[in-house]
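Colleague: Sharing a structure here in structure tokens format.
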Amino acid sequence: MVEFDKIVEEMDGLSKKQWVQLILLMLPAVFVGSQMGAMVFIGADVEYTCQMPLKDNLSSNISCNSTSKPRETANIITLWYNTEDVSAAANCSYWWSDNNSTTPPNTTVKCTAWEFNSSSTFSSSVVSDFSLVCREKYKIKLSQAVFMFGVTVGCAVWGQISDRYGRKTSIAASAATGGLLALAVSFTQSYLMFVILRSLSGFCFFSMFTCSFVLATEIVAPKYRVRVSQTEQAFFASGFCILALYGYFVREWRMLQIIISIPVIGTSAYYWLVCESPRWLLSCERFAEANVIVTKFITSLGLRDTPNNNVTNSPENKDRIAPRNVHDLHHGPMDLIRTPNMRKKSLMLFYCWLVCSCVYYGLTLNSADLGGDPFINLFLSGLVEIPAVFICIPLLDRWGRRPSLALFLVLSGISCVTMLFVPKKLLWLNITLSMVGKFSIAAAFGTVYIYAAELYPTPIRNVGIGVCSSFARIGGIMSPFIAMLDVIAKPLPYVVFGLMSIFGGVLALFLPEVLGIRLPETLKEGE
């Protein structure tokens, strides 16, 4: 048998059939990117005021003033409303007295109902629909953490499905189930159902992105894989930009959720639109089907044949497949930490992956809280990521993996920590620092993928990247909880993100350089 890599290399370029397949496989990254960033708008703050209790069960809305004084109106008991700073916290409680005393009482009463301003930046969000304010505000971040947990579990489950039933089958199935669940989110009438359905949708649709990514890299020659990987990440980032445009024109969260969910459902048609991975077919010994796809690639390039384009069920082919499966059965996650040197490298990589994901989603989902226009902030957050994924590759080849990763992580960390010292009124500077941080962490994310693939030896390379990816998902779960620290001090989440990133950059300096070094083929070489 002639390996598929050799066949596509002999084709001398990408065929029209491959180009069509690649374009189709890039689109799910846009749809998933929009879903991953959706909480920026569907969980956005809506202006609100405490709904005050009245005599005779009447109702009225009383806003806050900048000083504490009584408000007296017919049929209204004397209500004292704070505070010296007119903020969201000021609408969470009020001072109450049942007489016309001119001295405020010493006790406060918590608000139990609120009036939301539909004419604010967002006409509605889950915050206004489910009253996620004051003591319930933490539930916004909690829902995002549960969603990321669903994504984490889904990646593991759908990865197994993809290996067993095929790439395109997994893409179509995850798109259909994830898209329908995401659509159902827009019709939820309770916070609990919102969290459950959204986490289940995350369990399904993110795998649409990962399976598309795998299939895209498996239908091209090795020399194109890095460029395909970069382009896939750029399409994912463009999903944030498109979400920002949708959000600008659609300020009602349910309609916005419907708009970004319909394309996900449409991706289920990929079962008929894209071809199966020839590599996966070969691994399953389905040689006739693999031959059909290879022939389509060759003929669409205008070639009648290549020197070696026939994949057959030959003894040589079976010999090539069998050893790989034997290797897979004898190596697992424990090999990543079994020996001292491999354990040291693995632990440092685990932390770097965790930091990259934590800071990446932290800066993305907090972009609306920077101040200014939330739509422009999210658009810029996605836009700066596109050049980052393309710039990191030439820098890696020129300067090396280790210093590049350290530079990107430290630069992202310094940008975040510096926000602590920037006055709130210098809005443009805060936004600039956040975007520099996002640019740097996106470049670091692209770097750490390549680093892990080159650092681990062949028998445990897939296992190593899989475990690293699991740590990245843990970072994504941590991110919303770190963002909750803004109740203590607004810049505190950025300081935590920054310190984590700087520490990751320091750790990266202790990793071995792999530029120009042959990939390790055995565990002994990796050690």
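Quick reminder: no glycine exception, Cβ is built from N, Cα and C everywhere.
It should be emphasised that the depicted structure is a prediction, and the values quoted were computed from it without experimental measurement.
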Colleague: Could you tell me which of the ranges 279-301, 463-485 is annotated in TrEMBL as transmembrane segment?
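Modeller: That would be 463-485, the stretch labelled transmembrane segment in TrEMBL.
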Colleague: Most CB pairs under 8 Å with the transmembrane segment (428-451): which of 142-159, 200-221, 346-363?
Modeller: 346-363
Colleague: Out of 346-363, 375-396, 463-485, what stretch is closest in contact terms to the transmembrane segment (142-159), meaning most Cβ pairs under 8 angstroms?
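Modeller: Per the Cβ under 8 Å count, 463-485.
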Colleague: Against the transmembrane segment (346-363), which of these stretches has the most C-beta pairs under 8 Å: 200-221, 375-396, 403-422, 463-485?
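Modeller: By Cβ pairs under 8 Å, 463-485 leads among 200-221, 375-396, 403-422, 463-485.
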